[in-house]
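Per TrEMBL, these features apply:
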- 87-518: domain 'Major facilitator superfamily (MFS) profile' (DOMAIN)
- 141-159: transmembrane segment (TRANSMEM)
- 166-184: transmembrane segment (TRANSMEM)
- 190-212: transmembrane segment (TRANSMEM)
- 224-246: transmembrane segment (TRANSMEM)
- 252-271: transmembrane segment (TRANSMEM)
- 343-365: transmembrane segment (TRANSMEM)
- 377-397: transmembrane segment (TRANSMEM)
- 409-428: transmembrane segment (TRANSMEM)
Amino acid sequence: MKFEDVLLEIGGFGRFQILILFTLCLPRINLPMHFLLHNFLAATPSHHCAIPHQEAFVNLTMEQVLLISIPREPDGTFRSCEMFSEPQFHLLLNSSLQPENNSIIQHCQHGWVYDHSQFTSTISTQWDLVCEQRGLNQATATFFFIGVTMGAVVFGYLSDRFGRKSMLLLSLVCSVIFGMLSAASDSYSMLAITRTLTGVALSGVSLIILPLGMEWVDIQHRTFSGILTSIFWSVGNMLLAMVAYLVREWHWLLVAVTGPCLLSIVCLWWVPESARWLIANGQVKRAQRHLLRCARMNGRKDFAISPEEDVPLSMYSQRIVLQWEHKKPGESYSYMSLFRTPVLRKISLCSGAVWFGVAFSYYGMSMNLTGFGLNMYLSQFVFGIIEIPAKMIMYVLVNRVGRRQSQAWALILTGLCIGANIIIPKPFTSLRSVVAIMGKAFSEAAFTTVYLYTSELYPTVLRQNGMGYTSFIARLGGALAPLVFLLDEVWRSLPEVTYCGVAVCCGLVAFLLPETLNVRLPEGIEDIE
């Protein structure tokens with residue numbers, strides 16, 4: 001007897017499940033507002049070296065002071081990180097005669113002046129994370145994703161050990177605390193630490209939402225529930241663009257994106273624990289209460305549980321527990337269980353590679369908002385809105401073509417779009433923007449599919465461990481993605497070549513995974529083997 005048989009009796013997709021899914025979508029909206037916050041939190045406005053005042057500058061305009069104090073790029077713009085050691089007054093007569101002697105050029109000595117027309121302040125302007133300190137600016141995103149990586153391991157284990165709902169609430173509470181501490185940071189070190197801890201906390205939210213919702217719905221609506229949850233990520237993407245447009249000061253921006261977690265905490269008190277998890281851990285009485293509540297809300301009046309009635313739920317649960325390798329109630333599995341048997345080992349290795357490729361390419365594109373010729377707020381909004389039709393198309397494809405083919409080709413096409421923009425000349429901004437938007441759509445399609453696909457590959461007893469492990473690998477990709485931008489100092493197109501190559505290679509690995517279309521969720525390891 002399978003848990004799906006119980007769901008058929010109580011209603012596998014009724015009012016109860018719909019309310020659960022929409023409630024879980026609230027924290028889902030909040031995730032991209034933190035995961036992609038680096039685009040605005042650490043934005044670097046145009047800047048140049050600060051020029052100390054001199055008596056000789058009294059009768060000069062600011063443009064003339066810059067002309068004699070800062071060397072120019074070949075395109076005529078002032079350099080951001082260099083200045084003349086002495087004013088070059090002869091440039092007032094002929095500004096085209098740029099000095100050929102590099103010995104009179106030096107790095108900025110007195111700080112920087114920033115253009116505040118777009119941002120009131122960012123962490124770049126707050127702590128001068130430009131030029132030689134540019135790496136620290138990019139590292140802020142890496143610190144966050146390192147936290148998400150650690151959180152994936154921690155919450156993957158804890159949610160299998162102590163339950164989905166309790167760990168989801170814990171992660172939201174911690175997200176509020178560390179998010180607000182990030183907003184109050186008065187030093188770069190404090191910000192780096194609190195953003196890392198925020199990443200740890202939010203990883204639990206990212207990890208638990210989809211499996212918790214999916215474990216309450218039947219086979220026929222599993223794909224729909226996964227896509228629905230994923231669409232709200234895109235909604236959060238668009239909301240981030242609007243919030244960042246309205247809030248241009250980084251402290252308040254952090255407050256604005258952290259505050260909604262409080263609403264999620266309040267709403268989640270209604271969401272029940274996963275009945276699958278309760279049965280797996282021998283808590284049959286609690287599972288019975290939730291299942292009865294589900295049946296009544298779904299209008300299944302004939303489903304009742306009382307000592308006098310011959311309700312087969314206890315028998316179902318006993319058989320399920322026995323099927324899970326004679327698992328004793330309370331016994332837990334570890335991450336090592338993912339690699340102990342041959343088929344599960346292959347699934348774990350291949351799914352890890354796919355997750356790395358998906359996250360690496362997705363965040364590589366998402367954190368390059370200024371590289372495609374659009375305004376960064378518009379880019380963020382368009383990147384968010386294009387994800388919704390991509391998810392709709394994937395909803396059809398994963399049910400027609402299957403999970404494996406959809407996953408592989410979405411990731412391969414993402415890499416090809418990134419590669420195409422290496423070849424398309426910079427002046428063709430419209431074409432580059434169209435290709436970038438297509439690539440973002442494929443990238444989001446790959447991300448949507450991998451969440452759904454992975455949750456179906458692992459058995460219930462190891463599902464959260466499996467999601468934790470793959471999320472750990474994905475966050476490694478997310479942590480490395482912003483640092484790859486620094487490779488443009490070696491070769492301007494090297495970051496794009498790297499994103500392209502990784503996406504295509506990891507897409508090919510997806511062909512090695514088994515198909516899960518219309519297959520019951522595996523309950524024990526023997527169901528996989």
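Just so it is clear, glycine is given a Cβ too, placed from its N, Cα and C backbone atoms.
Note that the structure is a prediction, hence the values are computed from the model and not measured.
Taking pairs at least six residues apart, the transmembrane segment (141-159) and the transmembrane segment (190-212) share three or more Cβ pairs below 8 Å and count as touching. Tertiary neighbourhood of the transmembrane segment (166-184): same-chain residues 27, 34, 151, 155, 158-159, 190-191, 194-195, 197-198, 200-205, 208-209, 212, 251-252, 254-255, 257-258, 261-262, 264-265, 268, 273, selected by CB-CB distance under 8 Å and a gap of 6+ residues from either end. Using a Cβ-Cβ cut-off under 8 Å and counting only residues 6 or more beyond its ends in the same chain, the transmembrane segment (377-397) has close neighbours at 32, 36, 39, 223-224, 227, 230-231, 233-238, 240-242, 244-245, 365-366, 369-370, 405-406, 410, 437, 440-442, 444-445, 448-449. The predicted model assigns the domain 'Major facilitator superfamily (MFS) profile' (87-518) a mean pLDDT of 85. Sequence-distant neighbours of the transmembrane segment (409-428) (same chain, 6+ residues past either end, Cβ-Cβ under 8 Å): 354, 357-358, 361-362, 364-365, 372, 394, 435-436, 438-439, 442-443, 445-446, 449, 493, 496-497, 499-504, 506-508, 510.
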